[in-house]
Amino acid sequence: MFKLLFVFAVLILSSNASVQDFCVADLKGPESPAGYSCKSVTKVTVNDFVFSGLSAAGNTSNVIKASVSPAFAAQFPGLNGLGLSAARLDLAPGGVVPFHTHPGASEVLLVVQGSITAAFVSSTNTVYLKTIKKGELMVFPQGLLHFQVNAVGFNSVAYVFFSSSNPGLQIMDFALFANDLSTKLVEATTFLDEAQIKKLKGVLGGTG
């Protein structure tokens, strides 16, 4: 029995082992569901494995008073194929990242300045809500709707980490009101009144 378990363990480890050290993204090629194709190893440099794009604050002068600066494979080619990525979240006073989902990854949020009220909603509509302070973390399971709101009267900053080099993003408010779906159909599927829908479409740039 122990010998059989050992064989299975070896087979599992072998099946999960990488056949190459890395696959730096060739950003000149198309992106597929599996990621980017690999840049030739002869063209790979140390700069492919270093990214400084999260060092500066993002622009929060927008309707949600928030900025998300990504370090995904498209910005940080060395992440391609490694199953992880990161981003910087800046929230001005009153800032919010509305209900959204990452279909391709789970997320860990680490607050480094201020406080952020965050929550996710399970498939049974249970809400898991907490105000996260500096130095604390919160995890958001893959695919579940979640949000972040600045909980203090000054800028809050967090770094987020994902279990994919391309986690994907869909913001519910923009999906509903920043498109060209007719107001009548949005009204029928959301139970909101026509005036409210037209107001939200106007704010978020939708038509119809």
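Including glycine, each Cβ sits where the backbone N, Cα and C put it.
As annotated by TrEMBL, Mn(2+) binding site applies to His100, His102, Glu107, His146. Per TrEMBL, the feature disulfide bond maps to Cys23-Cys38. Among the features that TrEMBL reports, domain 'Cupin type-1' is placed at 52-198. The signal peptide feature in TrEMBL is assigned to 1-17.
Positions of the features from TrEMBL, shown on the structure.
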{"residue": "Cys23", "record": "disulfide bond", "Cβ contacts under 8 Å, 6 or more apart": "Gly35, Tyr36, Ser37, Cys38, Asn80, Gly81"}
{"residue": "His100", "record": "Mn(2+) binding site", "Cβ contacts under 8 Å, 6 or more apart": "Leu145, His146, Phe147, Leu169, Gln170, Ile171, Met172"}
{"residue": "His102", "record": "Mn(2+) binding site", "Cβ contacts under 8 Å, 6 or more apart": "Phe140, Gln142, Gly143, Phe162, Ser164, Pro167, Gly168, Leu169"}
{"residue": "Glu107", "record": "Mn(2+) binding site", "Cβ contacts under 8 Å, 6 or more apart": "Val139, Phe140, His146, Val160, Phe161, Phe162, Ser163, Pro167"}
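Under DSSP, the residues of the domain 'Cupin type-1' (52-198) split into helix, strand and coil as follows: 22 helix, 58 strand, 67 coil. For the recorded Mn(2+) site, residues His100, His102, Glu107, His146 set the reference point as the centre of their Cβ atoms, and the other residues of that chain within 8 Å of it by Cβ are Thr101, Phe120, Phe140, Leu144, Leu145, Pro167, Leu169. His146 (Mn(2+) binding site): 23 other CB atoms within 10 A of its CB, across all protein chains. All chains included, 17 other C-beta atoms sit within 10 angstroms of the C-beta of Cys38 (disulfide bond).
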